[in-house]
Each structure stands twice: as C-alpha cells, then as structure tokens.
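Colleague: What follows is a single structure, and I will ask about it in a moment.
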Ligand SMILES: NC(=O)c1ccc[n+]([C@@H]2O[C@H](COP(=O)([O-])OP(=O)(O)OC[C@H]3O[C@@H](n4cnc5c(N)ncnc54)[C@H](OP(=O)(O)O)[C@@H]3O)[C@@H](O)[C@H]2O)c1
Ligand SMILES: NC(=O)c1ccc[n+]([C@@H]2O[C@H](COP(=O)([O-])OP(=O)(O)OC[C@H]3O[C@@H](n4cnc5c(N)ncnc54)[C@H](OP(=O)(O)O)[C@@H]3O)[C@@H](O)[C@H]2O)c1
C-alpha cells in the first residue's frame with residue numbers, strides 16, 4: 001500500500017521552482033525517507049500564463065490559493081510578504097495541514113500567533129529555510145540542544161552584507177564602490193535597503209531568539225543598525241588590530257531577559273566567524289554545557305533554500321503519518337525583551353584629539369567617572385599637532401558607554417568621535 | 001499531574017558525572033522541555049565505594065546493571081567498550097527502553113544490529129555524543145537534510161590529532177616533540193594509538209556514513225591511515241603551497257557505493273576546515289541541493305559531550321510520552337562499501353630526482369601512461385645536483401596513482417618518493 005500526501009506549493013519563484021524540481025526528480029527517495037508519496041497537487045502563482053518548465057505541469061498551476069490549500073495535506077508557502085501569505089498559512093493550519101515556510105518577514109511579525117494556531121490544530125509550522133538558508137540551525141537549537149541552555153547566538157545571517165564587508169576587507173575599497181559592484185553581479189536586491197540597513201538580519205535575529213530561548217520575539221524588539229556607516233578607514237583600522245568587521249545578529253539571554261541586536265561588529269580574525277567569506281552565512285552558538293558551536297553554509301539561493309524546505313517537508317510528512325506532529329511550543333511565561341541600553345559588550349572608539357600633554361589622562365578620567373574600564377588605548381600622531389586616539393573598553397553597558405561618549409565629546413581637547421563600534425568574542 | 005521517567009545511568013566517569021550534574025541542576029528546565037520529570041533512578045559503576053560528589057547520591061550507586069536497566073524507562077550508556085556495554089544496551093532495548101549512548105567503538109562494530117533491535121522494540125537508540133562530541137551532526141544529517149542527498153562528508157573528528165597537527169603547523173615542530181607536549185598537557189590518552197593511528201576517527205567515519213547514507217557500515221570497512229608518518233617537512237611544504245594538513249574522515253557516495261577513508265589530507269587554507277584549530281572538531285557536508293555546510297564545536301570533554309547526551313535524552317523522553325519513537329531506519333538494500341583503490345582524489349607527491357635535462361619529461365610521461373593527469377609540477381634544485389620535485393595531480397583513482405608511483409619509483413632518475421598525500425577541496 002502506498003500512502004500519498006498531497007502537497008500544495010504557494011509560490012514558484014526562486015525557491016518554489018527548486019522545490020517543485022526536487023519533488024519531481026527525487027520522488028522515490030523522498031517517499032523512502034518520509035514514508036509517503038509526496039504528490040505536488042497544486043502550484044499557486046500570480047502569473048498563471050507563464051511557462052514554468054518541466055517540473056511544474058500547467059494543469060497544476062492556478063491563482064486559486066484557497067482551493068489549493070483545501071485540497072492539500074501539506075502546504076509550502078514560498079510567496080513571501082505578509083499578505084496574503086499570512087491568511088493562507090492560517091487557513092492551512094486551521095484545517096490541520098502542516099505548513100513549511102521560508103517567510104522570515106511574516107514570522108518575525110506574527111510568529112507566536114502562528115505557532116499557537118499550529119499547536120491548537122495539532123499541525124506543524126516549520127521554517128528552517130527562514131534563517132540562514134540551507135544551514136540546519138533551527139532543529140539543532142530546538143532539538144539537539146534541548147538538554148542544554150543556550151546563552152548567546154551570534155549570526156552572520158545576511159549574505160549580501162557579508163559579501164560587501166568581506167570585499168571591503170579584502171580590497172580596501174569603500175562601501176559605495178563595493179555596493180555598485182555587488183549590485184552589478186546580482187548580489188544585491190534592486191532595493192538593497194532591507195539588507196544594508198539590517199532589517200533582514202533583524203527578522204532572523206527575532207526568529208533565532210524565539211527558537212534559542214523558547215519564547216516569542218518580534219522584529220520591532222531588535223535594535224537594528226546596518227552597515228551604511230562603515231567606512232574603508234574602519235575596515236583598515238580593524239585590520240591593523242587583527243580584527244574584521246561583520247554585520248552580526250546577536251541574541252543573548254540573561255536573568256533579566258533577552259537582548260536582540262543587529263550591528264556592525266569587530267571580531268578577532270581568530271574567531272570562527274571571521275573565516276566566513278563572501279555571501280556565506282554562519283551561526284555561532286554559546287551554550288552552557290556544549291560550549292561554542294558554529295553552523296556554516298549558504299544563506300540563500302534557490303536550491304540551498306529548497307533543501308531546507310524539503311527537510312522540513314519530509315519531517316512534517318513523517319510526523320503526520322505517525323500522528324506525532326511536534327508543534328513549536330513557546331514558554332507559557334513570555335520572556336522580556338530588553339532595551340539595547342542594557343547590552344553589555346566591549347567597544348572600540350576612534351577619537352580625533354589635540355596632541356598635547358594630559359589629553360589621554362583627561363579622557364581616561366571621563367571613562368573612569370562613568371565606570372567604563374579601558375582595556376587598551378593607542379594614539380597615532382598626525383602631522384598637524386592633532387592625533388587619533390583608539391580606545392578599546394572592557395565590557396560595559398551601552399548606557400554607560402553612551403554617557404561616556406557624550407561627556408568625552410564635550411571635552412575641548414576632543415575634536416570629534418569618528419567611530420564607535422561594538423566588539424564581540426575574546 | 002507530573003509524569004516521571006526513570007533514568008538509569010550506566011557509567012559515571014568523565015561524561016556520566018556531567019550527565020548526573022545536569023540532570024540534578026537543570027531538572028526544572030529538562031522537565032519543561034521533555035514533558036516529564038527525568039528522575040535519576042540508578043547509577044552503575046565498577047567502584048561502588050568511591051565518593052561521586054553531590055549529584056550522585058550514594059544510595060543510587062551500584063554495580064547491578066541488570067536491576068538498574070529493568071527499573072528504568074530511559075537508559076544512558078556511558079561506560080564505553082564493547083562488553084558489557086553491548087549486552088546492557090540490548091537488554092534495555094529488548095525491554096522497550098530508549099537508550100542514549102556515546103559509545104562509538106560499539107556502534108561502529110554493531111550499529112546496524114542494535115538499530116534493528118531498537119526498531120523491533122519501538123525504542124530509540126540515540127548517539128549524537130558518539131561523533132564529534134557536542135556538535136549536533138547526526139540529527140542535522142538524518143532530519144534537516146532528509147529532503148536532500150548527501151554526497152560527501154569530511155570531518156575533523158579527533159581532537160587530539162587536530163591539536164597535534166595544528167601545533168606542528170603553527171610552530172614548525174615535529175611530531176614527537178608535539179606529542180610529548182600534548183601528552184604532558186593531558187591532551188593525549190595514556191595509549192595514544194587509537195588517536196594517532198586513526199582508529200577513533202575510523203569508528204566515527206563508519207557512523208557518519210551510516211547516518212549520511214542510511215545504510216549500516218562498520219569500522220573494518222574504513223581505510224585507515226594515522227598521522228604517524230606526517231613530518232615537519234610535509235607540514236612546511238603544505239604551508240609553502242598555502243595548504244594545511246588535517247586528519248580527515250572522508251565518506252562519500254557514488255553510484256557504485258560508499259567509500260570511507262581516514263588519512264592525513266592537504267587542504268587549502270581558504271577551506272573552512274583549515275580554520276579548525278586546537279582540539280576542536282568540525283564536520284563538512286556536501287549535499288546536492290544545500291551545497292557546502294559545516295558544523296563546528298568541541299569534539300570531546302565531559303560537559304560538551306554530556307550536552308549531546310542530554311539533547312538525545314530530552315528528545316527520547318518527548319517521543320516516549322507521545323508514543324512516537326523515531327528509531328534509526330537503515331535502507332532495506334544495504335549499500336556496498338567500496339575498496340580504497342576506487343577512491344578518486346587529487347594527490348600531492350614529493351620525489352627526489354636527479355637534476356638533469358629530460359627528467360621532468362620522463363616522469364610526466366609515466367603519469368600520462370597511467371592516465372593520471374598532472375595539475376602542477378615544481379622543481380626545487382639542491383646544491384648537490386639532485387632536486388626535489390613536487391607534483392599535484394588532477395583527480396584520479398588511488399589504483400591509478402599507486403600504479404604510477406610504483407612505475408615512477410623504478411625510473412633510474414628517481415632517488416626516492418618522500419611523500420604521497422591526498423588533497424581535498426578546491
Ligand atoms: N530566494 C532566497 O534565496 C530565499 C532564501 C531564504 C528565504 N527565502 C524566502 O522564501 C520566500 C520565497 O522567496 P523567493 O526568492 O522564491 O521569491 P520569488 O522568487 O519572488 O517568488 C515568489 C513566488 O510567489 C508568487 N506570489 C507572490 N505573491 C503572490 C500572490 N499574492 N498570489 C499568488 N502567488 C504569489 C510569485 O508568483 P509569480 O511567479 O507569478 O510572480 C512567485 O512565484 C520568501 O519568503 C523569501 O523571504 C528566500
Ligand atoms: N570523554 C569524552 O570526552 C567522550 C567524548 C565522546 C564520547 N565519549 C564516549 O563516552 C563513553 C564514556 O566515556 P568517559 O570518558 O566518560 O569514560 P570514563 O571516564 O572512563 O568512565 C567510564 C565509566 O563507566 C564505568 N564502567 C566502566 N566499565 C564498567 C563495567 N564493566 N561495569 C560498570 N561500570 C563500568 C566506570 O566505573 P568506575 O568509575 O567505577 O571506573 C566509569 O564510571 C565512552 O563510550 C566514550 O567513547 C567520551
């Protein structure tokens with residue numbers, strides 16, 4: 001006896017088309033792995049007239065999502081955007097169909113509601129593809145580390161910005177030049193703002209925190225800074241200090257709650273995240289017992305993202321056959337999201353100062369007055385009697401650092417603060 | 001209502017003691033995650049008189065494994081070795097208890113039998129701790145990549161040998177010196193042969209292949225070479241070519257079957273595995289759709305390994321409560337294990353040759369005659385009229401390479417072949 005599960009595919013673009021290909025090409029293997037024949041029963045798109053190639057038979061294509069959903073056991077949502085994706089996913093879950101999605105934008109807004117709806121209906125809502133493309137990270141966080149306590153996750157979760165920063169680092173070029181090139185190579189969206197301003201990474205930060213800490217978080221709770229202010233001089237200074245600048249999504253747990261932030265970050269070149277080049281992604285996890293783990297791979301692209309979708313689909317099918325759906329369950333007591341002012345990190349500052357005796361002492365005193373302790377200070381004289389001062393602090397709160405920066409800025413010997421950047425890792 | 005699951009712990013050494021600690025210290029969180037109170041019901045050791053600290057109450061300690069197993073819902077085996085571990089695991093599985101183990105030696109010999117016994121009894125046999133310590137690799141391979149086709153896995157799965165090779169690379173020291181130091185630092189077993197001769201890595205290679213390809217493989221099917229022949233000169237030559245030498249466990253799938261091998265390997269310094277330093281482990285996975293993934297973390301140690309054990313335990317508990325055990329299922333048709341002669345890789349050779357006209361041509365001809373194509377050739381002249389020739393080949397079979405080496409060795413212009421090493425990655 002062959003059991004058949006009907007699969008509705010909502011969206012057949014970059015990722016959806018690859019999912020359709022794999023469903024056709026690897027049908028026998030997928031059946032062996034999942035225990036059921038996975039039959040593509042409907043493909044929903046906007047443009048129903050377009051030819052979609054050999055893996056998407058014309059007769060399955062329509063724009064009628066409701067009919068597609070109502071006729072399916074498993075629904076794959078790869079349209080993107082909030083609506084109508086949200087309405088469709090809710091419809092599928094309400095009918096008890098398990099849903100697989102790669103829609104980080106939607107989940108970072110409505111994740112907790114959607115998980116609850118899935119759990120109510122004994123259905124699964126899986127979303128491995130939504131964070132770091134092909135990299136298995138959500139299942140390891142939720143299952144492999146189920147017996148451990150994750151304290152911090154740091155991810156390079158946006159390929160475009162990593163490509164840009166990596167090129168700036170390798171070539172010493174400045175942001176505009178590299179962006180123009182990345183754009184020409186097709187590495188940037190037509191509107192790159194979601195990438196370079198950090199919003200895409202922020203959505204993923206909210207999802208990583210949700211999985212790592214088992215409570216619902218949304219994108220508006222994530223402090224977000226993009227890479228637009230990173231200069232060739234910052235990259236060069238980092239290089240001189242044997243560091244590299246990466247756009248990191250950092251989520252961490254303390255007694256008080258969870259802190260989520262996305263910003264350009266200095267890390268040592270010895271740190272495993274420093275070896276993540278080009279458009280690759282990686283997620284670095286700190287857990288109480290496991291120590292430091294890292295997961296690395298392609299963060300986007302049709303086939304890699306489809307791989308993650310298919311893993312979720314096979315597991316959803318298995319669970320459906322066994323009647324053992326494993327809905328994502330969040331803590332009954334939500335965990336607080338903390339303001340970025342509470343963030344505790346090290347900082348690297350660059351100041352333009354007068355090159356005169358006593359300047360260092362006065363600046364150091366301001367740091368001391370605000371309880372921010374200095375790890376290293378280095379002065380590079382200029383020709384014109386001015387100097388550049390680079391300061392690395394020990395860990396302190398953003399609150400204390402901000403107050404320090406404001407006070408330092410008022411000193412008459414300080415001409416300007418040219419860069420303030422957070423430092424992660426040892 | 002609280003459901004309680006009784007947990008028997010067989011072995012309370014490096015890893016077992018940490019498992020007992022976590023079971024006590026994190027009891028509330030483990031209960032929330034698994035759905036049941038996980039109660040340590042028995043601890044089995046050899047020396048029942050020893051004080052085992054606050055997390056192992058005296059009254060639970062005994063040497064009566066049978067009674068411990070028969071009174072438990074979940075059994076954790078952390079004794080190591082083939083017997084009595086095998087007998088105990090079989091007893092537990094036969095009673096329908098799920099078993100968590102870190103025993104790579106046992107699984108690499110008897111894995112398929114034990115998986116079958118587990119499946120027959122609707123029990124789970126989990127072993128994330130057996131490969132690469134804390135690194136979640138088995139669940140990602142079996143679940144996250146369930147919808148993809150893994151073609152190759154390359155792992156740095158032995159921390160001691162990576163520590164040694166990394167030190168040789170950083171310090172230019174030779175093997176004996178570094179081994180003496182590693183030994184003094186406690187990084188080496190009293191008898192380091194299982195590590196340096198590659199047997200530990202070979203057991204893990206068999207397990208990786210079993211999970212990646214869904215068929216049972218055993219350690220005696222793995223071609224195994226250790227690091228004992230690696231010289232400071234090899235390391236130096238690698239460095240000159242911007243490469244590094246790592247002991248890799250390589251398992252790969254072709255139409256014909258699965259090839260498993262453990263040997264020192266040259267990889268480019270740009271390869272993600274090259275950035276794995278000290279005693280860390282990493283597993284690099286190539287899959288048809290996902291592309292290249294890497295999983296990185298501590299490969300051993302009490303707490304990290306216990307983290308992997310606890311993840312397995314929580315999932316086993318969840319599945320037990322839901323009646324949805326997910327036994328490892330291997331392919332009905334076993335996949336053939338191929339002889340190492342069929343391995344297709346690139347090679348780097350070092351030869352001592354006479355520094356005379358026509359030598360290169362004669363040697364190149366021998367390669368051509370055997371169908372082995374040369375990618376690069378470099379000659380370093382010596383003072384005494386002799387020269388060292390370094391050759392990198394394109395990919396070819398080990399069979400062809402061996403025949404080539406034998407024929408080259410017979411040429412009168414060749415004084416000796418000083419090194420033959422496989423090259424992986426691009
Ligand atoms: N691309 C990646 O590398 C990647 C990586 C990770 C996650 N994701 C996520 O995966 C999802 C899909 O991404 P993608 O790159 O495949 O998108 P895409 O190429 O833009 O494809 C979107 C598909 O959805 C269809 N669609 C959009 N709105 C629709 C509507 N209102 N009604 C019916 N069909 C509609 C489109 O139809 P037409 O073909 O007729 O226009 C198209 O087939 C997004 O959530 C994205 O964030 C993508
Ligand atoms: N250590 C690591 O970092 C690591 C990493 C990955 C996997 N593993 C695997 O985990 C397992 C445990 O390793 P470990 O390092 O924790 O070993 P260990 O420190 O040698 O501890 C072994 C424990 O088992 C007990 N034991 C051994 N033989 C026994 C027998 N016949 N009857 C009753 N008790 C017996 C010992 O009792 P006594 O205390 O009375 O001697 C001891 O408590 C092994 O399979 C190992 O390969 C270890």
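Counting starts with 1 at the first residue shown.
The backbone N, Cα and C atoms fix where each Cβ goes, and this holds for glycine too.
OK, TrEMBL features for this one:
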type     : residues                                       : note
BINDING  : B:10, B:11, B:12, B:13, B:14, B:15, B:16, B:17 : NADP(+) binding site
BINDING  : B:104                                          : NADPH binding site
BINDING  : B:189                                          : L-homoserine binding site
ACT_SITE : B:204                                          : active site, proton donor
DOMAIN   : B:348-422                                      : domain 'ACT'
Colleague: Where does residue B:10 (NADP(+) binding site) sit in DSSP terms: helix, strand, or coil?
Modeller: strand
Colleague: Compared by Cα position, which of the recorded positions B:11, B:14, B:204 is the closest one to the residue listed as 'NADPH binding site'?
Modeller: B:204
Colleague: Specify the count of other C-beta atoms within 10 Å of the C-beta of residue B:15 (NADP(+) binding site).
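Modeller: There are 24 of them.
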Colleague: Would you pick out, from the recorded positions B:104, B:204, the residue whose Cβ has the largest number of other Cβ atoms within 10 Å?
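Modeller: Of B:104, B:204, the one with the most crowded Cβ is B:204.
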Colleague: Find the average pLDDT over the domain 'ACT' (B:348-422) in the predicted model and report it.
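Modeller: Reported value for the domain 'ACT' (B:348-422) is a mean pLDDT of 92.
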Colleague: Count, for each of the binding-site residues B:10, B:12, B:17, the other C-beta atoms lying within 10 angstroms of its own C-beta, and report the residue with the smallest count.
Modeller: B:17
Colleague: What other residues of this chain sit with their CB within 8 A of the center of the CB atoms of B:10, B:11, B:12, B:13, B:14, B:15, B:16, B:17, the recorded NADP(+) site?
Modeller: B:9, B:18, B:19, B:20, B:45, B:78, B:79
Colleague: Just checking: which of the recorded positions B:12, B:15, B:189, B:204 have a C-beta under 6 Å from ligand 2?
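Modeller: Among B:12, B:15, B:189, B:204, near ligand 2: B:12, B:15.
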Colleague: Provide the three-state secondary structure of the residue listed as 'L-homoserine binding site' computed with DSSP.
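Modeller: The residue in question, the residue listed as 'L-homoserine binding site', is coil (DSSP, three-state).
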Colleague: Note down the number of other Cβ atoms within 10 Å of the Cβ of residue B:11 (NADP(+) binding site), including every protein chain shown.
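Modeller: A 10 Å sphere around the Cβ of residue B:11 (NADP(+) binding site) contains 25 other Cβ atoms.
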Colleague: Near the Cβ of residue B:13 (NADP(+) binding site), how many other Cβ atoms are there if near means within 10 Å?
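Modeller: The answer is 13.
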Colleague: Please list residues from the chain of residue B:14 (NADP(+) binding site) whose Cβ is under 8 angstroms from its Cβ, counting only those at least six apart in sequence.
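Modeller: Sequence-distant Cβ neighbours: B:301, B:302, B:305.
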Colleague: Any idea what the Cα distance is from residue B:16 (NADP(+) binding site) over to the residue listed as 'active site, proton donor', rounded to a whole Å?
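Modeller: Answer for this pair: 20 Å between alpha carbons.
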Colleague: I'd like the per-state residue tally for the domain 'ACT' (B:348-422) from DSSP, helix first, then strand, then coil.
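Modeller: Helix/strand/coil tally for the domain 'ACT' (B:348-422): 24 helix, 34 strand, 17 coil.
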